Every structure is written in C-alpha cells, then in structure tokens.
Amino acid sequence: MYTVTKRMEVSAAHHLVLDYESKCEHLHGHNWIIYVTCQAEALDRNGMVVDFKKIKELVHAKMDHQNLNDVFDFNPTAENIAKWICDTVPHCVKVTVQESEGNVATYEL
Ligand SMILES: Nc1nc2c(c(=O)[nH]1)N=C([C@H](O)[C@H](O)COP(=O)(O)OP(=O)(O)OP(=O)(O)O)CN2
C-alpha cells in the first residue's frame with residue numbers, strides 16, 4: 001500500500017450556525033492547516049498515488065480566500081470540512097483540519 005500526505009494552509013472566513021450562543025456565530029477567519037492522506041495499492045502511470053499539486057488545487061479552488069458559508073451547503077465546522085475534502089480528493093482516506101493550535105478535527109474512512 002502506498003500512502004501520501006499533503007499539508008497545506010487555507011485562509012478563509014466562516015461563521016457557524018449553532019443551537020447555542022457562541023462567538024463562532026459571528027463571521028471570523030482562520031488560517032486552517034490541513035493534512036490530506038491518500039492511499040492506493042498501485043501507482044498511476046506517473047508513479048503517483050495522487051499528485052500533491054492536484055490535492056492542493058482541489059482544496060484551494062473551493063476554499064482559499066472564500067467565505068465558506070457561501071461555497072458550502074453545510075455548516076462549515078472543521079469536521080464537515082474534513083469530510084468534504086475526503087469525499088472530493090481521489091483516493092483520500094484521512095483528513096485532518098486544524099483551526100487553531102488547540103482545535104483539530106479528523107475524518108477518516
Ligand atoms: N467541534 C467543533 N467545535 C468548534 C468548531 C468546529 O469546527 N468544530 N469551530 C469553532 C469556531 O470556528 C471557533 O473559531 C473556534 O472557537 P474556540 O474553540 O473558542 O477557539 P479558540 O481558538 O478561541 O479557542 P481557545 O482555546 O479558547 O483559545 C468552535 N468550536
């Protein structure tokens with residue numbers, strides 16, 4: 001089994017829709033640090049699981065310098081973002097989304 005992991009940073013704004021009072025209901029921004037892990041039993045004809053560049057492009061095209069509430073049809077929590085990335089990137093098996101030093105969410109198959 002081959003495994004690759006791409007680390008990238010995404011700058012974006014969001015607010016959360018919650019059923020309790022929270023400062024996160026107000027528009028704010030993060031420099032998310034995101035790790036995307038992909039696996040394959042066999043490499044493609046270029047000798048890759050997935051091109052690191054393609055992984056970043058897929059995530060950045062949707063999220064970077066965006067208001068995530070405008071581009072997603074779900075509440076943009078770190079958990080939901082991690083799931084969306086895993087569903088979007090080919091061969092993805094695990095995504096870790098770090099909002100800040102102490103706040104990290106992981107989705108994996
Ligand atoms: N499970 C989740 N909890 C929270 C999420 C999330 O995506 N998943 N997101 C937020 C907000 O985006 C908010 O920006 C973070 O709030 P908070 O935890 O208060 O973050 P701080 O960096 O201020 O944390 P401190 O430890 O208080 O410094 C909230 N929760």
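For all residues, glycine too, the Cβ spot is worked out from N, Cα and C.
Around C24 (active site, proton acceptor), the C-beta neighbours below 8 angstroms that are at least 6 residues distant in the chain are H15, L16, L18. Annotated active site, proton acceptor per TrEMBL: C24, in sequence order.
Within its own chain, H65 (active site, charge relay system) has S11, A12 as residues 6 or more apart in sequence whose C-beta sits under 8 angstroms from its own. Look at TrEMBL and you will find H65 (among others) tagged as active site, charge relay system.
For E99 (active site, charge relay system), the number of other Cβ atoms no farther than 10 Å from its own Cβ, over all displayed protein chains, is 17. Per TrEMBL, active site, charge relay system is recorded for E99 (among others).
According to TrEMBL, the Zn(2+) binding site annotation covers H14, H28, H30. Annotation note: H30 (Zn(2+) binding site) sits in a strand segment as assigned by DSSP.
Secondary structure at H65 (active site, charge relay system), taken from DSSP and collapsed to helix, strand or coil, is coil. When the binding-site residues H14, H28 are compared by the number of other C-beta atoms lying within 10 angstroms of their own C-beta, H28 comes out lowest. Within 10 Å of the Cβ of H30 (Zn(2+) binding site) there are 18 other Cβ atoms, across all protein chains.
Under the DSSP three-state reduction, H14 (Zn(2+) binding site) is assigned to strand. Note: the Cα of H28 (Zn(2+) binding site) and the Cα of E99 (active site, charge relay system) are spaced 11 Å from each other.
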